[in-house]
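Participant: Below are the features listed in Swiss-Prot for this protein:
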{"type": "BINDING", "residues": "Lys11, Phe59, Arg87, Thr93, Arg104, Asn114", "note": "ATP binding site"}
{"type": "ACT_SITE", "residues": "His117", "note": "active site, pros-phosphohistidine intermediate"}
Amino acid sequence: MSIQRTFVMIKPDGVRRNLIGEIISRFEKRGLKIIGLKMVKIDRPTAERLYEEHKGKSFFEELISYITSGPVVCMVIEGDEAVSVVRKMIGNTDPKEAPPGTIRGDYALSKAENVIHASDSEEKAKREMSIFFKEEELVTPLAQVHM
């Protein structure tokens, strides 16, 4: 058993379409814990930090414009093998390749409006979490606190 933390963000289309509760519910039903949660409007410099690996690619400007177009919900999720479990749950970036039952398979409209972002490695998770959360903002669920 390897307890990990990962970063997840419900993108503007997911927020706009009122999918926040449904998405969070899927993670909780899978036994994952939400230990950090906030709704924010991302500014351009923050978006560029988050997606720095895509800088210079043809879709970069469209991605930055989209991710700054409305509020997003940022989460830190903790659980056994959280990075890979969450990646499986969200499905392929292209909704045509995402199986039904995955978040993108069920809700994504296109490659651009694909509802959700999740870190694809522990290293990226640490970097992405640090953009949006301070360590002291993360909360251990009460069920895990020993009294």
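Placed from the backbone N, Cα and C atoms, the Cβ positions cover glycine too.
Thinking about packing and proximity, how do these listed features fit into the structure?
Facilitator: Counting only residues at least six positions away in the same chain, the Cβ atoms of Lys11, Asp13, Thr93, Asp94, Pro95, Arg104, Ala108 sit under 8 Å from the Cβ of Asn114 (ATP binding site).
The local packing around His117 (active site, pros-phosphohistidine intermediate), expressed as other Cβ atoms within 10 Å of its Cβ over all shown chains, amounts to 20.
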Participant: Taking the residues Lys11, Phe59, Arg87, Thr93, Arg104, Asn114, which the record names as binding ATP, find the longest CA to CA distance and state it in Å to the nearest whole number.
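Facilitator: Greatest Cα-Cα span of the listed binding residues: 22 Å.
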Participant: Ten-angstrom check, please: count other Cβ atoms within 10 Å of the Cβ of Arg104 (ATP binding site), all chains counted.
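Facilitator: Looking across every protein chain shown, the total is 22.
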Participant: Can you see whether DSSP assigns Arg87 (ATP binding site) to helix, strand or coil?
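Facilitator: Going by the DSSP assignment, Arg87 (ATP binding site) falls within a helical segment, counted as helix.
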Participant: Using Cβ atoms only, which residues of the same chain lie under 8 Å from Arg87 (ATP binding site) while being at least 6 residues apart in sequence?
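Facilitator: When sequence neighbours closer than 6 are ignored, Arg87 (ATP binding site) has Ala118, Asp120 within Cβ distance under 8 Å.
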